[in-house]
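**Student:** Submitted below is the structure of interest, expressed as structure tokens.
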């Protein structure tokens, strides 16, 4: 068989580089959505395989059923929470418009807070125009409605892409894996070992994040109930979702709750909730998440924690997933390196541990 000339190779790689660059440019706006679809597809592979047996090997039906199952898992709880929060917002709005009682209550809270601080700083004084603040807030909301609806449209588009991509990843995942193994210059046993480690890592990272969020949401709900904050169950569920938000996490709920107790004059309860949030809720993210991930991904807990923080810096909000996955990929390569250098085949048993 005639080998290609140098000019042919150069021309091919130039075309390949241009095509690859343009492909990345086209897909980059939806990189996060595609990444999330891939992660969810890997996590729900066991569900897909059960449904595949149920549908007698029909991969399209099994993929469709798996995606529907995932949507029900996420959409039903979010819909219930959204409905409950909408009811709460209506009640707050009604209280603010009923004979200005709500504004009077806010003014009383401000006066109580001012009196509390004056015990420490006698010259402290708040010039609070509640009506002006509300008017300014409404004006800001009106000015940013276009941006708000643009963001909503972008979120809906990303969600649609995630759903479609999940379907194809689940249905054609076997072909994608075979394609990667075929075009990799490594031996098939090395490729399969690396892919197996990555699948375990992705599943563990997601389960660790969700397990930590559930534990934090439960503790926030218990704390709110113990210290007398209204609707502890609702805000506990909201905290579970908020715990998935990097950096801010459950503080989205706990900080307003502590301020609410302080302004209401329940200083002891506010301090108690603050300590509860710092000790039990805050530390669990740094303890439970690395432990849940480390159970299957055999990497030191400190490195997992650093990978989460570094992932947030370099990859943004999705970094709490991508950081540990990149770390697991690095250690998977380190694990197969000695076998590659010595030319040894990797057995199934040796590919199960990172």
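Glycine is no exception: its Cβ is also placed from the backbone N, Cα and C atoms.
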**Student:** If I go by TrEMBL, the feature transmembrane segment sits on one of 148-170, 171-193, 194-216. Which?
**Tutor:** 148-170
**Student:** Labelled transmembrane segment by TrEMBL, one stretch among 109-128, 269-288. Can you tell me which?
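**Tutor:** In TrEMBL, residues 269-288 carry the label transmembrane segment.
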**Student:** If we skip the immediate neighbours and take only residues 6+ beyond the ends of the transmembrane segment (9-27), which ones have a Cβ under 8 Å from one of its Cβ atoms?
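**Tutor:** Same-chain residues near the transmembrane segment (9-27) but 6 or more away: 34.
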**Student:** With a Cβ cut-off under 8 Å, give me the same-chain residues at least six positions beyond the ends of the transmembrane segment (148-170) that come close to it.
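**Tutor:** Residues 30, 32-34, 36-38, 40-41, 44-45, 48, 59, 62-64, 66-67, 70-71, 176.
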